[in-house]
Amino acid sequence: MGRGRHRGRSQRKHFKESRENVWKRPKTDPTVDASDNSAADRPNWQPIPTDNPNFEEYYKEQGIVKAEEWDVFMEILRKPLPAAFRVNSNSQFCDDIISILENDFVKSLQAEAIEGGELEAIKPLPWYPKNLAWHSNFSRKEIRKHKTLERFHEFLKLENEVGNITRQEAVSMVPPLFLDVHPDHFVLDMCAAPGSKTFQLLEIIHGASEPGTLPNGMVVANDVDFQRSNLLIHQTKRMCTSNLIVTNHEGQQFPGCRLNKSRASEKGLSEDMPINQLSFDRVLCDVPCSGDGTLRKAPDIWRKWNSGMGNGLHSLQVILAMRGLSLLKVGGKMIYSTCSMNPVEDEAVVAEILRRCGDSVELVDVSDKLPELIRRPGLKTWKVRDKGAWFTSYKDVPQNRRGGVLVSMFPSGKNLTDSTQNNENGGGNASEDGCKETNKPLVDSFPDEQVVEVSDLPLERCMRIIPHDQNTGAFFIAVLHKVSPLPEFQEKPNPRKHSSTKTAESTDKSPAEEAVVTADAEPVESPVEKVIEADANNEKDESLVEPEKKNTEGETITEEKEANSSIHAGDKRKVPMQGKWKSFDPVVFLKDETLIDTIKEFYGIRDESFPLYGHLVTRNTDTSSVKRIYYVSKSVKEVLQLNFAVGQQLKIASVGLKMFERQTAKEGGSKPCSFRISSEGLPVILPYITKQVLYSPMADFKHLLEYKSIKFPDFVNKQLGQKAIDLVLGCCVVILSDGEEAVKVDASTIAISCWRGKNSLGVMVTSADCQELLERLAERTTPKSEGGSVNESNGDSGGPGAMETV
């Protein structure tokens, strides 16, 4: 047991002497005296290197900037990336946030600027509409570590947490602006995590909506990595939207969910369903890449960068882009983007897309859009590097390297002969097979001089954002317009071989150390080509996917029987429920009319004004144990119905907006309704609630936020206390009012969910949310001192979904 068992901690011998931590890696050399911890006496400590000879040689040869700009280009790459953030245009306090930035931080941070401060400390990005995006001349590390920026740092953290702002790299905000999204569009974000662009797309979808109304469009946000999907869900949860589905698929295998006539008749479905195929008006294809455009944000890429990273990802990027185009409606637009400067990942992919699609897809010239955004045209010529050698044409590539260097990586995309120029088999690997058949060393047949290829495609319409133009990261963007169905040969199964893609895509825009796929990797067989265009043509490819659909349907029927048997098995239903997809709870439409009628009656919701039937889903087939009920918009409802009809092809991680949540009261007694209104769902349902509503003056509203719970006799306004007593036990809504009962719900309405207990009224939002809303109200009602300081309200924000949004 030990000799000091009965001694107190303060009585133990040598208590003040620190013990050696054998698990902690020493930061200094063991030979150096550990008693002196000053930085000057740590000779082995080195900052992260910000140079890579291979990197410099590669991009000098590619000519992405002029020779006279090279020194400036490299100098800016070695500097930390300035922090940037975007104000949520749908936030109720959007104008308040912008006012604080303009009237307080622009002035105060200028005086506190680090290292001279000859530039503006923070300023709106000139190319982003309505001053909604802001750029700081401080890096995220400086904001986090510097004492004088502490107030600004706390402001950013709090506002980001509640969804009033999104901290996002400036160049990452660009692609959604060129996508031209409308409120009625179906949008697919193929590689969505961590979710900042998805949030931006949702802002645009909801931009024209009135309070309490939902747009006709929706966003499907997909990511292959399960953990990153959770991050995506957390990010988009701040948007409080019912127009979102989060899925977990490999982007190149994203299902088209086509319901053909034979399948509809087999399942007894009507052929005039609202939609019979999952296709999109807009697609954002922000593919996994080597990430060397993020060197300023992730400097550890410097030591890990090599040219093989881009070569290894090229095939995956082509496949993802082609799948995106196959899911795109005729007349729709797709953005292809990367955070890489490598032309093998950028222009080479776009060129291959255009060659495969022919006249059915065009590269859009958007040079007249966002004129204040400085960007450069895409390259028309580039080289490919492999194993230390440069190649300007595929004919110069040795036979033994044609498995890693593909014909599609070169500007012309042409093979040795006309007979092998057909890209039906995906570019380089077709010619590789041809070489193996002839067993001829083709490189010896050509002259030593390499002829530089120049693409005949309009690649100058692509956009390259270079770091030193506007002090940002690097980015590549191409806007593609689908003018007609894709060529017939793209519908055929592709027997090509590709490098392993699952690991590469799972990193989706992460630093290079998490996504290093080199050209030296051994190719492995991939079945993705069988679905790469399986849904692009409504008439010609049903035979390609029908066998798979039949198998899927059979599995679904079996699982439905198992689920039904488990539901009626009495106590045995406690066995964990599994849907079609392992580790994913099934999505089930709530059809318990008794439960829905109870909710409608309790809150006074009229179905004709706000329909609940057919719009409520759960993740549990057992109604008696449902904890959360989600509300889905009309567009999401139609997609879910289609998904059920085709055998649940979508692997859904999250869907809809949490509207109701089961509440267990501490005090005993029966409650007419066990489901409270969630703070996330309140903004949507608030205009349609006619019962369980209290209108509170400012004093009592602040007291509720401050004390969290108030006994009925303690209300300042005694009439409010009496009206609270008159409410039915359970959830209620308290609306801030100037004393009038009939407050019209609009963009300025502030309301919170509360619980009417036996003797008191308590708020149903977190303490942090209460404090933030208190400070926001104080900032609105307290006259500002001269200079407009908001020192007392630097962390103000609205609660996450508890307030009405604009």
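A Cβ is built for glycine as well, from the same backbone N, Cα and C atoms used for every other residue.
Binding of S-adenosyl-L-methionine is annotated in TrEMBL for CYS191, ALA192, ALA193, PRO194, GLY195, SER196, LYS197, ASP286; the matching candidate from ASP180, ASP223, ASP300 at the same site is ASP223. Other C-beta atoms found within 10 angstroms of the C-beta of ASP286 (S-adenosyl-L-methionine binding site) number 23, with every protein chain shown included. Taken residue by residue with DSSP, CYS191 (S-adenosyl-L-methionine binding site) is part of neither helix nor strand, so it is coil. The full span of the recorded S-adenosyl-L-methionine binding residues, CYS191, ALA192, ALA193, PRO194, GLY195, SER196, LYS197, ASP223, ASP286, taken as their largest Cα to Cα distance, is 13 Å. If you draw a 10 Å sphere around the CB of LYS197 (S-adenosyl-L-methionine binding site), it holds 26 other CB atoms from the protein chains shown. Mean model confidence of the domain 'SAM-dependent MTase RsmB/NOP-type' (73-483) amounts to 87 (pLDDT, 0 to 100 scale).
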